[in-house]
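Residues or ranges marked as L-histidine binding site by TrEMBL: Asp31, Leu32, Thr33, Arg58, Gln74, Asp78, Arg227, Tyr231, Tyr232. Summarising the annotation, TrEMBL assigns domain 'Aminoacyl-transfer RNA synthetases class-II family profile' to 51-317.
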Amino acid sequence: QETLTGKYGEETKLIYELQDQGGELLALRYDLTVPFARYLAMNKIRRMKRYQVAKVYRRDNPATSRGRYREFYQCDFDIAGWFDPMLPDAECLKILHEVLSDLQLGEFLIRVNDRRILSGVFTLCGVPESKFITTCSTVDKLDKMPWEEVRSEMVGEKGLSPEVADGIGEYVQLHGGLDLIERLLQDPKLSQNKVAKEGLGDMKLLFDHLTLFGITGQISFDLSLARGLDYYTGVIFEAVLLQQENHPGEEALSVGSVAGGGRYDGLVGMFDPKGRKVPCVGVSIGIERIFSILEQRVKASGEKVRTTETQVLVATPQKHLLAARLKLISELWDAGIKAEMLYKKDPKLLKQLQYCEDTGIPLAAIIGEQELTDGVVKLRDVATREEVRI
């Protein structure tokens, strides 16, 4: 349990805690990032590139219709090690862009920000350092609520003064590209802040790399992006799918986040007894979210999806031919062919062919008494109903 606690900030309350029979305090993993950092530290690994697809668990109030669950798969890609600035970060964004394009989920936007720029804004506006992280998680709600509600949460719940909240509001509502980065680098107040200036310099470099990758069209530098987790130290990003609105001129609505990530340079050091740091950057894709969108799309289009990879169904037209089916299917399996048969002693031929149609199995290998005598198999194309003897 102690591996996980103290790494997530306000999100810690979503960790499933368990006690095993021996009285050990255990917890189910909240994400794949913290266990990855622990693994690097434990095995003294200084450089690694890896992907991982595995389950994570959250004690959330799930909205299953929107693809939010308590137990779900994440697909992570991380690059760990000391490299020149923004090269691994740009590659992570390139991979995310590639995945979302290939899945053909429709229009999407990858929002990018940097924790250091946010820290600079907070310092500038007079937020005490003890309230940085809680203010971060409030700012992060800007994609779901209007600024008025976010402002009242800052003042009412987080105890910031209205002037401080308004100051933050001037910055966090900005979004754009290289032009906005240039403008903020010239900002007389923000450019005085060392941390923010570093963040903006790296952000400019990142956008230069992304321009060379040719993907800046789907990427937005967005100062409201904060990502609720504690362990991020630099660049942070999140991918949202945009809903196409029918009314021209209106802004596209976002369906919600399908992926997120960022740089976490301090996490490995937390697990290393000597505190040795390994900088890391990574991206995590929510698989169920994407599935629920793809499923809705298939439902709407009414097309039939093939749910099996089976290439051939071994069928018999008469009774007492179970032995012939088992012998033939065994030969096919040994040859590496994906074959299936109905688990019935004497199924009707019509039923077997109907099963092929329902599940989308393209071929039926039919073997009756005549075929056994002639030493052949009748191969039937289920869709065209053509038959050949082999």
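From the backbone N, Cα and C atoms, a Cβ is placed for every residue, glycine too.
TrEMBL entries are annotated by machine, without manual review.
Feature map: annotations from TrEMBL on the structure.
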residue: Asp31; record: L-histidine binding site; Cβ neighbours (10 Å): 20
residue: Thr33; record: L-histidine binding site; Cβ neighbours (10 Å): 26
residue: Gln74; record: L-histidine binding site; Cβ neighbours (10 Å): 19
residue: Arg227; record: L-histidine binding site; Cβ neighbours (10 Å): 22
residue: Tyr232; record: L-histidine binding site; Cβ neighbours (10 Å): 27
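For the L-histidine site listed in the record, the two most distant Cα atoms among Asp31, Leu32, Thr33, Arg58, Gln74, Asp78, Arg227, Tyr231, Tyr232 lie 21 Å apart.
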